[in-house]
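Let me begin by handing over the structure; questions about it come next.
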Amino acid sequence: MTRSPALLLLLLGALPSAEAARGPPRMADKVVPRQVARLGRTVRLQCPVEGDPPPLTMWTKDGRTIHSGWSRFRVLPQGLKVKEVEAEDAGVYVCKATNGFGSLSVNYTLIIMDDISPGKENPGPGGSSGGQEDPVSQQWARPRFTQPSKMRRRVIARPVGSSVRLKCVASGHPRPDIMWMKDDQTLTRLEASEHRKKKWTLSLKNLKPEDSGKYTCRVSNRAGAINATYKVDVIQRTRSKPVLTGTHPVNTTVDFGGTTSFQCKVRSDVKPVIQWLKRVEYGSEGRHNSTIDVGGQKFVVLPTGDVWSRPDGSYLNKLLISRARQDDAGMYICLGANTMGYSFRSAFLTVLPDPKPPGPPVAHSSSTTSLPWPVVIGIPAGAVFILGTVLLWLCQTKKKPCAPASTLPVPGHRPPGTSRERSGDKDLPSLAVGICEEHGSTMAPQHILAPGSTAGPKLYPKLYTDVHTHTHTHTCTHTLSCGGQGSSAPACPLSVLNTANLQALCPEVGVWGPRQQVGRIENNGGRVS
């Protein structure tokens, strides 16, 4: 436990030193800013920087960043390597090292010497030969081509009026010289001011047929010589119209809503103009603002994409048709034209029918939904109101003052019994009750006579209220019998309740005999029970 404070103090003391180590990049060694290199040799420029965190380095030459596109330059972790230096490689080189705390720059000035005697110049530790000349540097080097990848194409064909550049980049020790020849004859005259824009490149512009031939570059120094030959063919332009090659365009079928394309190949001495046209069908001329006449038929010009040049000297163009519809079906032609004329070829496009079934007519639904909401709601409501009014009127007109007795149905006979006494005055199955309803007049009260009763009839006023019209209906009930009091005659049949009896009974009560047959006539109900 006693060692813990001491260990803690030791760790705390080490923290400042660790923080002090972190910082911007710093120089790890001295450099010689002035570097001298011989032509055609390899140069290495060091960038001795360090830091925590480790810095990232970037090289520039005369303010331009050196990247992988510079074929003879290679950026290494420890510096920059330049192979087979040329005179154009001379300049100011800067190595810039950067981390999260800052940056540091290391500057070099590179001088390229054409020929140097031993001991006359000391390129320094950063140079290609160190502090003193080695035996290899004192020897001569034969010339050699440094960019053979740019010399692979030795046969070049160009049309009249075009240009061509022939390259023969080489290096050697001492610095080699280059000489150009045509058909084994030395070129003594420059055809243009930019004929030799660079030392190792021959530029031929505005070619003419007489410029065709073999061009040879000869590179030599004291150690030897090398050469390379190019064959240039200047093609005389033939004055002819373009020719459509191959079988395209061809007839094509596409699904409804699908995508397809036509293609067209045109051979021409110069880059032609390729245009796609679509024939205007009969009756649809008014839908197009402008048309052209080809072969006696009218066509509309379609948008055309880029024209691609092919290695065989032909030109290619494609027409893309996306989301095909029935309107896209028809004849298409590819037209190739130049200053000498034009050629064309036609093809047909067929669009298959839409597999989806047609939907309901849109015009009918739009006209229905276009009505205002009050009209849509009010028309059915008004119809319901009118229908209800008509039904109510019909119900009112069906009500009659009193139906004739002869038209009422005759129910079955129910003999009098003791059930009448049990139910009291509420249920009178054996009473003969005739009801005659008349609207708007007060009739006689009801007379209910029990059999064998000598007391006067009980009076039960009946008042019906119509729930629809709120009018009061008075009913009169009369006791009917066929025989006299004490008679043993059978109950009178209901056939005696004819119109004459009813007309006589409605104003007053008449007794016909023993109350053995009960008949209840209701005007509103239209039945006899």
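Using N, Cα and C of the backbone, Cβ positions are placed for all residues, glycine too.
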Need the cross-check against Swiss-Prot: the disulphide partner of Cys47, picked from Cys95, Cys168.
Cys95
Swiss-Prot annotation: Cys264 disulfide-bonded to which of Cys217, Cys334?
Cys334
To the nearest Å, how far is the Cα of Cys168 (disulfide bond) from the Cα of Asn107 (N-linked glycosylation site)?
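So the alpha carbons of Cys168 (disulfide bond) and Asn107 (N-linked glycosylation site) sit roughly 32 Å from each other.
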Is Asn107 (N-linked glycosylation site) helix, strand or coil when read with DSSP?
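DSSP call for Asn107 (N-linked glycosylation site): strand.
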For Cys334 (disulfide bond), which of the recorded positions Cys47, Cys95, Asn107, Asn251 has the nearest Cα in space?
Asn251
Return the residues near Asn251 (N-linked glycosylation site) by Cβ distance under 8 Å, restricted to its own chain and a separation of at least 6 in sequence.
Ala347, Phe348, Leu349, Thr350
Once the chains shown are all counted, how many other Cβ atoms turn up within 10 Å of the Cβ of Cys217 (disulfide bond)?
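Within a 10 Å radius of the Cβ of Cys217 (disulfide bond) lie 23 other Cβ atoms.
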Tell me which of the disulfide-bonded residues Cys47, Cys95, Cys217 ends up closest to Cys264 (disulfide bond) in space, Cα to Cα.
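Out of the listed candidates, the nearest Cα belongs to Cys217.
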